[in-house]
Amino acid sequence: MYLKTVQLRSFRNYREQQVNFESQKTIIVGNNAQGKSNLLEAVELLATLKSHRVSRDRDLVLEGATTGQILATLERAYGLAELGLILRVSGRRTVILNQEPLRRQLDFLGVLNAVQFSSLDLDLVRGSPESRRSWIDTLLVQLEPIYAHILSQYYQVLKQRNALLKKIRQQEEDSQNPSLSSEQLSNDISQLKLWDSQLAETGSRVTRRRARVLERLTPLAQKWHANISGKTEQLEIQYMPNVNWTEDEPMQVQQAFLEKIEKRRIAEQQLGTTVVGPHRDEIEFIINQTPAKYYGSQGQQRTLVLALKLAELHLIEEVVGEPPLLLLDDVLAELDPHRQNQLLDAIEDRFQTLITTTHLNSFETKWLKSSQILSIDGGQIRDF
């Protein structure tokens, strides 16, 4: 796939900007806070309908405007695709494919695939479990767009179940009050059983897919990790689901959920929140039989994240049948020359790559000669 053009209107600090991509590699050079990351964020939004920086659409719209717009033309093996995303300060966003507004955002996902690698990703190893769950979920959405719906269903069930648990806890705290209806409490506990089965059903879909994708990603990451580390380090990736299960069979996984929910029922009612489910999953990275989160050096952690990103690229290509875009956001400065060369050699001309940087010193002459170089200043992009 090849991204031909991107047009931004009232997006972040861009009032009106069109970018034509004329090479397999594009380097965007400029000082900090000029809009480099915003351009890559726009491409990321077209790929995943999510930003890894903010959660509200209003934060993506230029200050003073009511709507922002991202338009793009993409060349796929099957032909051209025109992508559009309208973001609103208030109200729902609109997704447009080939000039037709789509009723379901799900139908937009999977048209453009991209792997984002920013300096924020270097926190993937030492960061919170939530950051690792978000990482694997973003990859899954690109490999299997229906997963976005599956994940959304799970979190809707979780929200409703938490609200009911909170209500039950409040009723139990007020149980000394003679005016409180024990019948109401009994009804709520009966209703909780219905949410238990919903949680087990939707949660099992999430956990089974996470396990499957990590099973496919791990050997690719291990191969890249061995190459980058000079085969001096051995990488293991362990999926640690909150609900343990052994066989990838829907009913058995659901049963494992229900059994754990039953075991934790009293604790959940006392806490007023759900403690069972994939929202509490963990993914552990181990280097030479030692958890990288606690003991990995900064260099080891960067090698690990670089291996993960290269594995993502190749897994998406394997599943989708076309190489995805690679978005490198100010990350080269964070890597030493050896890791920079490993990354640049791995990319070659196989993946269309957009790279942001504050200076061109990191690039070899041959790379600069084969790249389109753009400069950016105050939300204005020009040829370098």
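Heads up, the Cβ atoms here are built off N, Cα and C, so glycines get one too.
The ATP binding site annotation in Swiss-Prot covers Gly30, Asn31, Asn32, Ala33, Gln34, Gly35, Lys36, Ser37. The number of other CB atoms found within 10 A of the CB of Ser37 (ATP binding site), across every protein chain shown, is 21. Mapped onto three states, the DSSP output places Ser37 (ATP binding site) in helix.
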Residue, out of the binding-site residues Gly30, Gly35, whose Cβ gathers the largest set of other Cβ atoms within 10 Å:
Gly35
Select the most exposed residue of Asn31, Asn32, Gln34, where exposure means the fewest other Cβ atoms within 10 Å, treating these as the binding-site residues.
Asn32
For Lys36 (ATP binding site): intrachain residues, at least 6 apart, with Cβ closer than 8 Å:
Ile28, Gly30, Asp329, Asp330, Thr356, Thr357, Ile376
Cβ-Cβ distance under 8 Å to Ala33 (ATP binding site), same chain, at least six residues away:
none
In terms of DSSP three-state secondary structure, what is the assignment for Gly30 (ATP binding site)?
coil
